[in-house]
Amino acid sequence: MNLVIDIGNTVAKVAVFDGFSLLEVVYDSKQNLEHLKDIYHKYHFEKAIVATVIDLSEQVLAQLALLPIPVLWLNEKTPLPVENLYETPQTLGYDRMAAVVAANEQFPGRNILVVDAGTCITYEFVDAEGRYHGGNISPGLQMRFRALHQFTGRLPLVRREGRELPMGKDTETAIRAGVLKGMEYEISGYIMAMKHKYPELLVFLTGGDDFSFDTNLKSIIFADRFLVLKGLNRILNYNNDKI
Ligand SMILES: Nc1ncnc2c1ncn2[C@@H]1O[C@H](COP(=O)(O)OP(=O)(O)O)[C@@H](O)[C@H]1O
Ligand SMILES: CC(C)(COP(=O)(O)O)[C@@H](O)C(=O)NCCC(=O)O
Ligand SMILES: [K+]
């Protein structure tokens, strides 16, 4: 079994894979992998992979150092099943690469846009020849709500849940619609622009923030909450003989 750990800016995800099938996922705080011990004792693991986009706490580092199995730390030196054309591989967030690897594995030979809506929204492009060209980074859902509150004198911190209008009729609905519609239009804009260039483009949507779409767009999107975890598992299997 494979132990797959993805530490994001908001949540740490710990997953169990048997070969290529996902058996279980738990969500932990990024400061403390509180479920790791239980998960570890529930299965028989042979190897692990860790990807992080933050500097880990002493506690998490100690927890990972205690694992009695080989651990692959995903970084710019890790051999990958896709070609990385990012100009600064040492600054790339490898959660982004993992999502690309998973999408390319499911549809090799296709041009793919991957949208990952987590703490940030990331847009990745991998072409039909399996080359990762890079992509863009923009603020995620909670970050947008928080930024409007933090950088103004009068805007409250609005929650995602609540009354949704196409155009706001008070401060709260104006902010909620502004943030949700802004994200939807941003994502739709990327899809439309890229489909113009690559008519056969496939689109994957992943990350903790799922949101509703225009049905037109929905039909061409593969939603997969576990894309990053699946990509990490693929990278771990790809490096089987090296760890
Ligand atoms: N149980 C949850 N705990 C924390 N965030 C959640 C949860 N369910 C959904 N979310 C949303 O998912 C986002 C985190 O998504 P995720 O893709 O895991 O982010 P990251 O990889 O950046 O840590 C949060 O911003 C939040 O809006
Ligand atoms: C862009 C990110 C902040 C996204 O992180 P996430 O939303 O998954 O927590 C992360 O991949 C990162 O820190 N990247 C480093 C910069 C880069 O990828 O070029
Ligand atoms: K992201």
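Just so you know, glycine gets a Cβ as well, placed from its N, Cα and C.
Keep in mind that TrEMBL annotations are predicted by a computer and have not been checked by a curator.
Site annotation (TrEMBL, ligand ATP) includes D6, I7, G8, N9, T10, V11, A12, K13; from T119, T122, T152, the additional listed residue is T119. In this structure the alpha carbons, written CA, of Y86 (substrate binding site) and D95 (active site, proton acceptor) are 14 Å apart.
Same-chain neighbours of the ATP site beyond D6, I7, G8, N9, T10, V11, A12, K13, T119, judged by a C-beta within 8 angstroms of the site's C-beta center, are, in sequence order, K30, V53, I54, D95, G118. Shown are the binding-site residues Y86, Y94; of these, the residue with the fewest other Cβ atoms within 10 Å is Y86. A12 (ATP binding site) sits 14 Å from Y94 (substrate binding site), taking the C-alpha atoms as the reference points.
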